[in-house]
Amino acid sequence: MQLEDTIAAIATAIVPQQGSIGVVRLSGPQSLTIAKTLFDAPGNQTWESHRILYGHVRHPQTKAAIDEALLLLMLAPRSYTKEDVVEFQCHGGIMPVQQVLQLCLQQGARLAQPGEFSFRAFLNGRLDLTQAESISELVGAQSPQAAAIALAGLQGKLAQPIRDLRNTCLDILAEVEARIDFEDDLPPLDEDSIRQQLQNLYQQLEDILNTAQRGELLRTGLKVAIVGQPNVGKSSLLNAWSRTDRAIVTDLPGTTRDVVESQLVVEGIPIQVLDTAGIRETADQVEQIGVERSRKAAQQADLVLLTVDAHQGWTEADQLIYEQVKDRPLILVINKIDLGRADLVSYPPEITNTVLTAAAANLGIEALENAIIEQVNQTNLSPQNLDFAINQRQEAVLTEAQLALKQLQQTMAEQLPLDFWTIDLRLAINALGQVTGETVTESVLDRIFSRFCIGK
């Protein structure tokens, strides 16, 4: 990336005929010059930082009006990137913003690369790496709780404890190196104190690492597969739960031929519900493909809803399906209780989590949601009461830091020379710095920011 360039991009989603406002963003040394060339602000409006001007975007040669717009000025260093930033706030839709963007490019700006605005904010000290990653997570949040966790990261609630840990490691390193360089002039190291500090550091890292899986649940959601025989009401269950007609419902077995997905949020947890084809032996090649996809979906799901028909009871076919999914976290859904007696369904005694539903009548959905949340809580994955959560990249480097501290404890126990202590400490310090971006490599930065949208 050429950071001395002025960059431009559309910063809002382009939705044909639907967007009410479209924003074109500029950042860099020529932002203000380009804005003054293209924007006609009538009257005595003041071109000062953090002002909004009203006027028209005009073609620089023909002076033809392109759009009636507002212009927001945020000059360095009081801007998102700490550079001169200008935003054209145009009417929504495709044509106005694309025309304005094209004019900006013709005046010397270049099209921003994905995440380049945030990358500049990071390089200029406006954001650390945890905050930059939190912006991406906030944009992609699938639930209010996921958004709250991302916002906590943006506010520095993850970065601060990581910095505190790193500073403690730096303090210990300084003490050790001082004893190496000035052994005769300083008292011996207080090894008991260092051991206690290392134990505290290790436990704090363990607490932070314990947020990883819970945070991942908020980011990616819980994958729930509805499985069972044909015509036990799986599609009706999906429709009742999602309050839509996502799946076709008929009295004919085998109607569902493929996996039907629906996105839900239950108590702040995003849930991806998979309505699968009825599992049975069939000569129909298309249905066979659907059945195989059902088996695969069940094996990849975080939770399986094994659905049976209360009217039919527990059948040999139900037992065969159960044998295929019993190694997965499972809830038995006894459906169609309005047509049969649930107490007559003789399911295996090891199944302890059951829910009674009549999906066609919208009965039992709340009980099903409660059972799912209870299942999540039992696995210690509940995202409730999280102050922040780390992502997979952060988990990997924090694990490296923890391993380095553990190695240092072993190094001390073996009474190895102080030079060996510094090796372990530097590994821990480097890993902690990768979380906030103080020691991160260019390739890692490229990978992180390439996942952003262009206008970010």
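Backbone N, Cα and C define each Cβ position, glycine as well.
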Exercise for the section: Select one of Glu68, Glu83, Glu87, Glu414: the residue that Swiss-Prot places in the (6S)-5-formyl-5,6,7,8-tetrahydrofolate site alongside Arg25, Arg126, Lys456. Expected result: Glu87
Fill in the blank from the handout: Across the binding-site residues (Asn231, Ser235), the Cβ with the fewest other Cβ atoms inside 10 Å is that of Asn231
Handout entry: Residue with minimal Cβ packing [other Cβ atoms within 10 Å] among the binding-site residues Arg25, Arg126, Lys234, Lys456
Key = Arg126
Practice task
Have a look at the binding-site residues Arg25, Glu87, Arg126, Lys456 and say which one has the shortest Cα distance to Asn231 (K(+) binding site).
Solution key: Lys456
Practice task
Write down the Cα-Cα distance for Lys234 (GTP binding site) and Arg25 ((6S)-5-formyl-5,6,7,8-tetrahydrofolate binding site), rounded and given in Å.
Solution key: 47
Exercise for the section: Enumerate same-chain residues with a sequence separation of six or more from Glu87 ((6S)-5-formyl-5,6,7,8-tetrahydrofolate binding site) and a Cβ-Cβ distance below 8 A; give 'none' if the list is empty. Expected result: Ala11, Val23, Val24, Arg25, Leu26, Leu71, Leu72, Met74
Practice task
Determine, from DSSP, whether Ser235 (Mg(2+) binding site) sits in helix, strand or coil.
Solution key: helix
